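Novice: Quick paste of what TrEMBL says about this protein:
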TRANSMEM  B:26-46  transmembrane segment
DOMAIN    B:83-297  domain 'ABC transmembrane type-1'
TRANSMEM  B:87-108  transmembrane segment
TRANSMEM  B:120-140  transmembrane segment
TRANSMEM  B:178-196  transmembrane segment
TRANSMEM  B:217-236  transmembrane segment
TRANSMEM  B:274-298  transmembrane segment
Amino acid sequence: MSHHLISRRQMLAGTAAAGAVGLTGFPAYAEVNWKKYAGTTLEVILAKGPRGDNLQKYIKEFTELTGIQVESEQIPEQQQRQKAVIELASGKPSFDVIHLSYHVQKRQFEKAGWLADISGYMKDPTLTAPDLVESDFSAAGLEYAKNDKGQMLSLPWSVDYFILYYNKELFQKKGVAVPKTLDEMVTAAEKLTDTKAGIYGFVGRGLRNANMTLWTNFYLDYGGEFLDDKGNILTDGPEAIAATKLYQALLTKVAPPGVAGFNWMESMASFTQGRSAMWIDGVGWAPPLEDPAASRVVGKVGYTVVPAGPKGQYSATYGDGIGIAAASKNKEAAYLLCQWVVSKKQGARLLQAGGGVPFRNSILNDPEVQQGVKMPKEWLQSVIDSAKISKLGLPVVIPVAEFRDIVGAAITSTLSGADPATELKKAHEQFRPILERSEKA
Amino acid sequence: MSVVTQASAASARDAAPEREWRPPSYWPFVIPALVVVLAVIIFPWVFTIWMSLNEWKVGSPITFVGLANYLRLPADPRFVEAVEHTLLYTALSVLLPLVFGTLAAIVFHQKFAARGFLRGIFIMPMMATPVAIALVWTMMFHPQLGVLNYLLSLVGLPPQLWVFNPTTVIPSLVLVETWQWTPLVMLIVLGGLAAIPTEPYESAQIDGANFWQVFRFITLPLIMPFLFIAGMIRMIDAVKSFDIIFAITQGGPGSASETINVYLYSVAFVYYDLGYGSAIAVVFFLLIIALAALLLYLRKRMLWTTELGAGA
């Protein structure tokens, strides 16, 4: 019965719209039919964090809009990746929609064919709102979402730029200017370090694997590229050695003791306690830094782009996307959800809370959205400036985890005095066969 | 063997003309246990060995490669290092709890006030969840904010880097392991002490033996079988230890505390290289069996010499 009612209502709407077409010339039949998949239930697997929170907090609005029920679970990042891969490999994943980390999973997912191609949906006006167009996503986002054949396999959700956080109070006390280049940053860090007071000039990730995201930012600034035309890895060249020397100098001379075991969490602890004057990491940490319950440096934090190196200035970029499992039986409904997740409204909420940065320029550059950002203006500026110098922060290969573990271990070992060139060479001798094996298979 | 003799005996008995041969009636009762053993022990092992003979990566087609995965092992520096770390970690975390556990058992074997209550307190670490205590220890190890360096500063010692330095990470992890598992050794040895007869001690007293001599020549030989049991349990646990290491260091800094188990986890579930991971698992299993066999062999030899000593 209700089915008949809906179709009758649609008929009426259609008739009205047809009349409107005659008057305005707009193709009103192109309206997205949000209610078409009402009654469907979707399963979503999310990585724990502000993106997942943002989805779950407002999911009722999506259900109201579409009549689609959504069951989602947030799992800590590492475990979520493992669970997703194992389920996808089984061919019968328990989820329709998956939150993926591009910088780790892009090539792996493409090669295994686990994601549904959504290029067709994006061209279908009954499925896609007119404001969602490819060109609205930043270049990094499209690079992540598209495969070699140019098919869209996911929608870019949130981008992570590396920025420089600094403690304004400590800078003022020592009369140090905000560094514009990496060399200036080293000098500044030396001036700011006061071991007797337990204050250090710089803090950043030293832990194996995690450290690669920071190291690659230096590597890019020294002019490094990850792969040559034939797909050979280049991260043991002269640029890599120079970047490692800088990394070694910073983390051994002007960083807190034990930094070799620090991930972002320990680094953040040191920074929020006012024990470290500078910290380079992802853009998403502004909310905890500005939270009086968690931070002693509220209102004293400066935000700016990562300083320039001798061969350029880049912000190492990482990102998340949302895609549809190729094995899902509810692909169209799932697509509606993905679209809602990256919609202007949801993107604006994410940005305004400081929980992430949408890949869509129309959101980031909208003055009204910017007005509502609850984080300091400087933070937003650092995001906008970083977007201009954005460059992917990890090689796009299948064995990303091996790359991060093996080269990351080499770089960590330089913190206890090992020679950068020797360590990098050794690590790459180990990594090259792994890369060859997985790319050619 | 016994099955065969029983069956032939049964057929001899059934040779009476009017009774034809029937299959033994116990078979249906064996089947459930057989199915369970096949499903949960034999099948996983055969399957693991099969996987280890294939190039088996999640998301890629599977190809048979023979022993190639095993041949990769000696050339893989991370695996070789992981074996060294495992042996060092195991040796330390068997020896230290044995020494401290024996001492604690001797102390708690004496009669003093509130002994039962204090014994209860002492075995509490054993009851805690490893991941939870790992998180607590991680905080205590923190070089800037941790309580351990504060305690060191009270007695005038310089701050240490604990698990954040490649050279001290394994001893620091063993410290946690020792703290948690000394009580287990204590319980086992305490049981051993309770079973020792009092006569040898009385004659030792008459002969004028001092405390050390009593311990060395009477107590230690008599609790030796218990120490071996404790050592065996500790060894198997320590070789397989994963939770404490993973929760505190994830094998770091660098790969300084990466044991075979932690590396195996990375290979199988982070790199999704199931074939190679299975090869590591098989070799790891053989290593555990070899260590257990070595301990059993030592125990046999030791028992023989103690019997000889007792007879002399």
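Each Cβ is built from the backbone N, Cα and C atoms, and glycine gets one as well.
Here the structure is a predicted model, which means the values were calculated and not measured.
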Novice: Sort out the residues at least 6 away from either end of the transmembrane segment (B:274-298), same chain, that have Cβ-Cβ distances under 8 Å to it, and list them.
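Specialist: That would be 48-49, 51-58, 62, 65, 69-70, 72-73, 79, 83, 86, 90, 228, 231-232, 235-236, 239-240, 260-261, 263-264, 267-268.
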Novice: Near the transmembrane segment (B:178-196), which residues from the same chain, at least 6 beyond its ends, have a CB less than 8 A from one of its CBs?
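Specialist: Cβ under 8 Å, 6 or more out: 93, 96-98, 100-102, 104-106, 108-109, 122-126, 128, 130, 133, 218-219, 222-223, 225-227, 229-230, 233-234, 237, 244.
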Novice: Residues sitting near the transmembrane segment (B:217-236): Cβ under 8 Å, six or more positions beyond its termini, same chain?
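Specialist: Here the qualifying positions are 90, 93-94, 97-98, 101-102, 106, 181, 184-185, 188-189, 191-193, 196, 200-201, 204, 209, 288, 291-292, 295-296, 298-299, 302-303, 306, 309-310.
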